Each structure stands twice: as structure tokens, then as C-alpha cells.
Amino acid sequence: MDILKDKIRSEGIVLSEHVLKVDAFLNHQIDPQLMQQVGHAFATRFRDQGITKIVTIEASGIAPAVMAGLELGVPVIFARKYQSLTLKDNLYISKVFSFTKQTESTIAISAKHLNAHDHVLVIDDFLANGHAAKALIDLIGQAGASIAGLGIVIEKSFQDGRALLESEGYRVESLARVKSLAGGQVEFLD
């Protein structure tokens with residue numbers, strides 16, 4: 001997706017050979033027009049898959065997931081990273097390790113929103129080692145729902161997330177595939 005790659009080149013900041021900061025348009029400040037195009041791109045790739053729900057993780061996956069949900073006409077569920085007073089009973093629960101934050105979190109989805117009749121599209125802002133995706137897949141599996149695939153805004157192709165997910169039979173569609181962040185420069189795979 002050329003417009004996304006252009007945005008990454010112009011506003012992304014390479015913090016290290018493994019960390020790309022995109023808080024100017026994706027995971028702190030959000031560019032609504034870009035997210036609308038991101039949602040359209042995911043909808044185009046998965047429109048014929050019979051999607052009934054989109055699942056993401058709070059917080060940075062919410063904007064692209066909502067835009068895809070709008071395009072596909074389906075609800076969006078975001079896994080919460082903590083339990084609150086309003087989210088405490090009948091939950092699907094998993095653990096996720098954040099590469100960027102170097103912490104483990106508990107995530108949860110209410111069982112009343114996801115069930116075995118659902119066919120799910122997973123959407124997230126980044127794919128690196130696949131930990132967040134695997135945690136979401138675990139939650140979806142607990143519900144007995146099926147997975148159409150994963151839509152990733154930015155994939156760090158130099159890490160093993162895609163290989164892990166594809167080896168387990170999951171379809172992965174990434175809108176921007178980063179080959180390298182070496183030398184403070186973003187190099188795309190395609």
C-alpha cells in the first residue's frame with residue numbers, strides 16, 4: 001500500500017534496528033483518512049471470506065479494525081489488556097508479551113461477544129514475533145470461532161511472526177512489509 005509506505009517514510013522514526021515509531025499517524029495520533037484507506041484495503045482483501053467479526057487488541061489495533069469493520073459491515077471486538085469492573089465474568093483470557101514494552105499482559109474478551117458461529121478477521125497495527133497475534137488466536141480458539149486470516153498494518157518481515165503464523169496455516173495480509181530498519185532507514189520488502 002503505497003500511501004502507507006510513503007507515510008512511514010515521511011513520518012516514521014527508526015528508534016533501533018527493531019523498533020519503528022509511528023505515533024504520528026497510527027498508535028498515538030491517528031490519521032483518519034489513512035486509517036479509512038487501511039480499512040478499505042483490508043476489506044478488499046477479505047470481503048469474500050464471510051467475516052462476521054473483527055478482533056484486535058487495545059489500543060493501537062482499534063483504529064484500523066474499526067475502519068475495516070465499517071467497510072465490511074461487521075462488529076469489532078478489542079481484547080482488553082486488563083480486567084475492569086465491567087469485564088470480569090465469562091471471559092476468554094490469554095497472555096501476551098509486548099516486544100516494544102518488554103512486558104507481559106493479560107488480555108480478555110467477553111464470551112457474550114464471540115462464539116463458535118463467528119468467522120473472524122484479526123487485525124493489528126504491527127506484526128513482529130507474532131506474540132499478540134497468537135494471543136488473539138488463542139482467545140478466538142477458546143470461543144470455538146474460526147479465523148479467516150490476519151490483517152497487519154505494518155509487518156516487520158525481518159522478524160519471525162509471519163513464518164510462525166503461516167506455519168500454522170493462517171493467512172497473513174500485510175499492507176506494508178518492512179525488510180530492514182538498519183542504519184536508521186526503513187527498507188520495504190516489496
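Even glycines carry a Cβ here, placed using N, Cα and C.
Quick caveat, the model's predicted, so the values are computed rather than measured.
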Task: Figure out which of Leu20, Leu150 sits with Asn27, Lys156 in the xanthine site per Swiss-Prot.
output: Leu20
- request: Identify, among the binding-site residues Leu20, Ala128, Ala132, the residue whose Cβ has the fewest other Cβ atoms within 10 Å in this structure.
  value: Leu20
Message: Checking the spread of the xanthine site as listed (Leu20, Asn27, Lys156): what is the longest Cα-Cα distance, in whole Å?
response: 16
Message: Measuring Cα to Cα, how far is Gly130 (5-phospho-alpha-D-ribose 1-diphosphate binding site) from Lys156 (xanthine binding site) in Å?
response: 10
